[in-house]
């Protein structure tokens, strides 16, 4: 659908008559918003970048797997309270928040649908990298990302059926199950190898983890700018979508954290659930949008996934910066009772992220 969408051309002479703002080869243009077709250079660049990003992502997920203890990972699967809380956040809070924001800002039906698609997507792999840097529970982070991607096969159609029927027929939305499956495979296989390496050669796993965490940070930045490189057009969409794209990820981070805390999870797991909730798989959202809508419809909301991606990254960096400052200047004020309550988990947490004992252990 993306190829068809990019290959459709408007008549150059009519564009010149109606507007001087858009180039003659724009595929979508109403005088204020245009998207240029993908030329040969862009096609080549797209293939190169996709290949590089895929390889980097596999390496990053392999390195993240090197920080996962097999015993702890299986423990989350056997006693999935943390995963269940994450499930409620991912497929409960996020779709409901998308629905309420769409109603509150009274946006167009087609725009409400793309906001809801974003809310129904599973968590993105970037959350695993940020969770590492904020000393989160990597075992929980990996298991949540894996489970949300797997459960998305059934939960996305259900959530879209519930929330979009007041705006459109849910059957009109094409879910790329092959893309979801590929995302799942691309996550599970590298992580599994990483867990195996950590189990067999823990000293080597630490070196791989340090390298992978740096590569992961670079990868997040690359993904954030790829959209701007591949789509050279200038977009002016509704200011309401910009506002929603700002509020939505912030709400996801905040609500995920508070629900996890209410559920009784420890602080490092609350940070993990927060990141898993707010960071969505925006690439999957873009794929669904381009498969499901016509060029005329895409004009109204084509860049929303990119807007969300930018702001979810900005807020994640703010969370990371705030946590690092807190960790540096935090004074130990925990009572002996709190230390005793956390004693059982202290050994496993001390192993996370180079031996750092997170704030709740102090």
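Just so you know, glycine gets a Cβ as well, placed from its N, Cα and C.
A TrEMBL annotation is a machine prediction, not a hand-curated record.
Predicted, not measured: the structure shown is a model, and the values here were computed from it.
Annotated in TrEMBL:
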- 45-63: transmembrane segment (TRANSMEM)
- 83-105: transmembrane segment (TRANSMEM)
- 112-134: transmembrane segment (TRANSMEM)
- 140-163: transmembrane segment (TRANSMEM)
- 175-195: transmembrane segment (TRANSMEM)
- 207-229: transmembrane segment (TRANSMEM)
- 241-263: transmembrane segment (TRANSMEM)
- 306-326: transmembrane segment (TRANSMEM)
- 340-362: region 'Disordered' (REGION)
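Taking every listed stretch (140-163, 175-195, 241-263) in turn, the largest tally of C-beta pairs under 8 A with the transmembrane segment (112-134) is reached by 140-163. Stretch with the most C-beta contacts under 8 angstroms to the transmembrane segment (140-163), considering only 83-105, 175-195, 241-263, 306-326: 83-105. If one looks beyond the transmembrane segment (83-105) by at least 6 residues along the same chain, the residues whose Cβ comes under 8 Å of a Cβ in the stretch are 76-77, 111-112, 115-116, 118-120, 122-123, 140, 143-144, 147-148, 151, 155, 159, 162-163, 240, 243-244, 247-248, 251-252, 255-256, 259-260, 263, 265, 273, 276-277, 280.
Same-chain neighbours of the transmembrane segment (175-195): 54, 57-59, 61-68, 70, 73, 122, 125, 142, 145-146, 149-150, 152-153, 156-157, 160, 205, 208, 281, 284, 287-288, 291, counting only residues six or more beyond its ends whose CB sits under 8 Å from a CB of the stretch.
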